[in-house]
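Peer 1: Input: one structure, supplied below.
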Amino acid sequence: MACPTQFLCRSLRTVGLVLFYYVFSIGITFYNKWLMKDFHFPLFMTLVHLVIIFCFSTLTRFAMQCWTGKPRVTLPWKVYLSKVAPTALATALDIGLSNWSFLFITISLYTMTKSSAVLFILFFSLVFKLEEPNPFLILVVLLIASGLFMFTLKSTQFNLEGFIMVLLASFIGGIRWTLTQVLMQKAELGLQNPIDTMYHLQPLMFLGLFPLFLLNEGLSVSTTEKLFRVSELSHLLYTLVTLSVGGMLAFGLGFSEFLLVSRTSSLTLSIAGIFKEVCTLLLAVEFMGDKMSTVNWLGFVVCLSGISLHVGLKTHYNKGNGHMVRQLPVRDNPDLELPLLQTKEDYCEDTNDEEEHEILY
């Protein structure tokens, strides 16, 4: 049994990791929205972020290799193109459309619509047989769908074009996370570690999004005074710095999620995500001028109830009461058992946690 000091340290560590996750998750949402007010090239911004994430992933892999003394996995070209490409394309479209929508919609509408991704993740999880059918899932779908309908019905700042973009991004996001789970479950690929997955995804994501960028923004970016036709070097440096900050936030988000799951549990990440949505909406109303009616707030509560029920069901079934979700074989993966920045003492202590290292999607 853990002593009070150990319990306090573990609690403080969890709170710190959650706050670390909040900084990047909420920060990148508001940062991208702020940047889109003056820099109207979301696809170019996304491409820059992908390059930065790839660079940081490479450095992180090198640090992990030095830490463990074992070489990181590198997939052969044939396997890389056939197995990773579908996931990379879906991820690129999800992120690209999400960033693109910031040109048209408010943060509150974006946050609410993005919550509908749970519906599509459930759908594709059932299609790919990653999740077993359950009657309670019907209630989850009804709650989330009803909440989204109520939120958009009386929205005074509704924009159809931006809403369709986010909804499409959520739909593709369902495919993305399902394919990501399949990708990470394939033990022969050795991509159970999210850092390795991020490293392998970024180049194909860049190639997948680049044609869409050329079609929609290529000419505009090549003639804008913010980049290639800049008159003063200081303006160019300012643009590059602002884009780089967003890229670092994007990498930090993925890395903070990895740390939170590996040092606590996926349940902690799921619950933290629910409260993150509430914090995002409150901040958007307070600082970004988003307007929400009583019906909007009620719809948001209904949607969060559906998401909370979904999290509760996963928790219930993964404590031995059933088999709703197929678990990843994380116990066979030393990278998830000994994540970056974890000491040997922490590892010995953490192996006693029953829910440690469960990966849920």
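Each Cβ is built from the backbone N, Cα and C atoms, and glycine gets one as well.
I grabbed these lines from TrEMBL:
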| type | residues | note |
| --- | --- | --- |
| TRANSMEM | 12-31 | transmembrane segment |
| DOMAIN | 15-309 | domain 'Sugar phosphate transporter' |
| TRANSMEM | 43-64 | transmembrane segment |
| TRANSMEM | 102-128 | transmembrane segment |
| TRANSMEM | 134-153 | transmembrane segment |
| TRANSMEM | 160-179 | transmembrane segment |
| TRANSMEM | 199-215 | transmembrane segment |
| TRANSMEM | 236-255 | transmembrane segment |
| TRANSMEM | 267-288 | transmembrane segment |
| TRANSMEM | 295-313 | transmembrane segment |
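Give me the structural setting of these features: burial, nearby parts and distances.
Peer 2: If you look at the transmembrane segment (12-31), the same-chain residues 6 or more away from its ends with a CB under 8 A from one of its CBs are 107, 110-111, 245-246, 249-250, 252-253, 255-257, 259-260, 263-264, 268-269, 272, 276, 279-280, 283-284, 287-288.
Same-chain residues lying 6 or more positions outside the transmembrane segment (160-179) and placing a CB less than 8 Å from one of its CB atoms are 86-87, 90-91, 93-95, 97-98, 100-105, 109-110, 113-114, 116-117, 119-125, 127-128, 130, 152, 361.
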Peer 1: Counting only residues 6 or more past its boundaries, what in the same chain has a CB within less than 8 Å of a CB in the transmembrane segment (199-215)?
Peer 2: 43-44, 46-47, 50-51, 53-54, 57-58, 61, 72, 75, 80-81, 84-85, 87-89, 91-93, 95-96, 191, 221
Peer 1: Count, for each of 102-128, 134-153, 236-255, the Cβ pairs lying under 8 Å from the transmembrane segment (43-64), and report the range with the highest count.
Peer 2: 236-255
Peer 1: Looking only at the domain 'Sugar phosphate transporter' (15-309), what is the mean pLDDT?
Peer 2: 83
